Structures are given as structure tokens and as C-alpha cells.
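Contents: one structure, followed by commentary.
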Amino acid sequence: MKLDVEALFHERFRRFSIEFVRYSQYLANGGVLFFTIILGGILAFYYRSFVELIPPWLPIPYVLALLLAAFTARCPHRTFLLEADLLFLTPLETDMSRYFQKTKRYNFFVQSVWLCVLLLICSPMYTGTMSVGQTQLVFYWCVPLVLKGWNVYSSWIVLRLPDKRDQRLLTLARFVYTYYVIAWTLGEGQLFAYQHIPFGGLLCIVPLFWFHVRLQRIRTRHSLKWYALLEMENGLKNRFYRIVNQFTDIPALQHRVKPRRWLYWVTSLIPYRQSNAARVLFFKTFIRSGDYAGVYVRLVLLGALLVMILPNPYVKIIVAVLFLLIARSQLAGIRKHLQASGRLALFPINETERKRSFQWGCRLLLLLQAVVSIIAALL
């Protein structure tokens, strides 16, 4: 029986789209989208002011090239594979070639959309600090998109390699080449130019022959690594789940416990007695479960940075409050996580004490965030 890869791809894509939309609605209903839109509007209003603060000695083309290259060379591959595919679809690998072609087109499209957003954000920085003509602006948009397509194609072939070390070396080579081409383009061909002759352009062409030979050799010698593809697919899926899980409980998420022994001293600050059991449980969950602590620290640092650089004191207050609301929404997921994991049933703690301890922990963390924001505003 011949496999209908068209129907298989569309069915997998449909399931993914339904799940993505459903969980995205949870984020919107939780108020995160609203806070993000307001914050984005404030940053957009002051963006021109930030650009004017860039010192003239900073090599903007090469700094932008580093940022764009990091985004362009990173190419995670979503394939919509399932665990059962390792058993039922691996014998049909030849027929699956058209399926994987469609996933590569999907990955290129989605990643190109985000790349265009980044190019749009960085465009005022590029045009505001350099005398850029119309032709140069076209290259600014087109070259990263062409390189994104090449990176998606080449990274897919590199995934066939069985040795992780070889994969990392080729990934590094892709990044260096991508950075060089973008830097040469944004620098108007002045990189490695001699007497106004752009010899650096040869370095944009010659490595392509080496990459072509190397990639063709990998394709002929190695087959697809289905386990690696499934691992990458599960990693992308769990990453999205973890983001949503910061604000609402996701049953499909496989929670991982991270020891983080270097943060154990935080719980030791709480006096050791039975009445503080719920408080200790809250902070241990905050530190070790999922990425609650990581997201909280990022929110604190990013909020402090914005409060520090924004000029208007009233805007500073609004931004600080927005980050406090986002952090409060994120910390609310800890209680849902504890209820879903069943750990609360292991401790003889009544519901009133649980709620009181949860509120105490949230207030303490939010107070710490507020203090950091105030210090940043005074600097």
C-alpha cells in the first residue's frame, strides 16, 4: 500500500495548528498578550531615541551582522513526527522524502517570518546610522532571507551525521560563513577590500563549493537519523509547552526537575518549623521545577534594563508595573503545577495555609523585583 504523504503532512499540520491556537488562546486570556502589546508600543515609541544614543564609533554593520547571523544560522527542524513513526514509517523512508520536503518549506517560511520581524526592528538602526541607498536596502532584506533558505537546506543534511561533534563543527562553519556574507553585504563590500576592489566577495563564493562537496558526501553516505529528528521535534514541542506552562497548566508537558543546588541556600533562610512547610515547598518548586526561576530572573533583569534606559519617569513606572503583572501571572502557574503533580497531598497542610504561603511567596518575589526596578530607576 502506497503512503499518501500529502494527506499525512496536512493531517499532522492540522493537528499542530489546532493545538498551537488553543494554547495561544490561554496566553491571550491570561493577559500576557495585552501586557506585551502595551510594552511593545512603549518600546516602539522610544525606539528612535535609543537609536540616537548609539555612539558613532560602534561598527553597526558588523554588530547587526552578528545578530542577524545568529538568527539566520539557527535552523530547528519541525517535522511533526510521532513516537509511532519510528516503527511504522522508517521502512517507508524513500516515500517520506516528499513529506520532509514539505516540512523544510514550512520551516523556511516560519523562520523567514521571524527573520523579517527582526530585519524590520533593526532597519531603523541600520538606516539611521549609515547613508544607505535603495539598492543597499534591498540587499539588506534579500541576503539574510536567501541565507536562511541555504541554512535550512544545509542544516537538514547535517542532521544525518551520526557524530554530534561533526554536527557542531559544521554548524559553526555555517554560522561563520553566514556572518561573513551578511557583514560583507551590510558593510557595502568594504570587508577585505583593497584599493576599492572588493576581494572579500571571493570569500563569499569559494566556501560554497566546499560546502556543496561536503554536504553531497554526507547525503550519499548517511541516512536520516529518525531518533534525532524525533528528539528535535519533542524538544520544540516541550519548549512551547514550557512557555505556556508558566501561565497555565499544560497536562501534555513532561515536567523536568532541575537540582540547582547552588540555590538551595534560599530555602535555608526560611525558619525550620512545621508551619513553614508550605513556604519551603513553594520555593523549592519555584527553584527546581520547570523554568519558573529562569523566567523570573529574565523578567527582573529585562525590566530593570528598560527602566534604567527609558527617559520619562512616568513611562518607567508603567514599564515596571507591566513587568510586575507579567511576573505575577507567571508565578501563578506554580500553584497549578503543585496541584497537577499531586505533591500537596503528600504534606499535612490545610488549604488555608497553602493559599497563605503561596501569597506570601509571590509577594516576596514581586517585592524583590520592585526593589530591583527602583534601584535601576535611580541609577
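Each Cβ is built from the backbone N, Cα and C atoms, and glycine gets one as well.
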> transmembrane segment per TrEMBL sits at which of 171-187, 256-272?
Replying inline: 171-187
> Which one of 138-159, 314-335 shows up in TrEMBL as transmembrane segment?
Replying inline: 138-159
> Any residues 6+ beyond the ends of the transmembrane segment (171-187) with a Cβ under 8 Å from its own?
Replying inline: 61-62, 64-66, 68-70, 72-73, 126, 139-140, 143-144, 147, 151, 154-155, 158, 198, 200-201, 203-204, 207, 211
> Residues of the same chain, at least six outside the transmembrane segment (53-73), with any C-beta under 8 angstroms of its C-beta?
Replying inline: 114-115, 118-119, 122, 125-126, 129-130, 144, 147-148, 151, 171, 174-175, 178-179, 182-183, 186-188
> Hey, which bits of the same chain come close to the transmembrane segment (292-311), Cβ under 8 Å, at least six residues off its ends?
Replying inline: 42-43, 46, 49-50, 246, 260, 263, 285-286, 319-320, 323-324, 326-327, 330-331, 333-334, 365, 368-369, 372-373, 375-377, 379
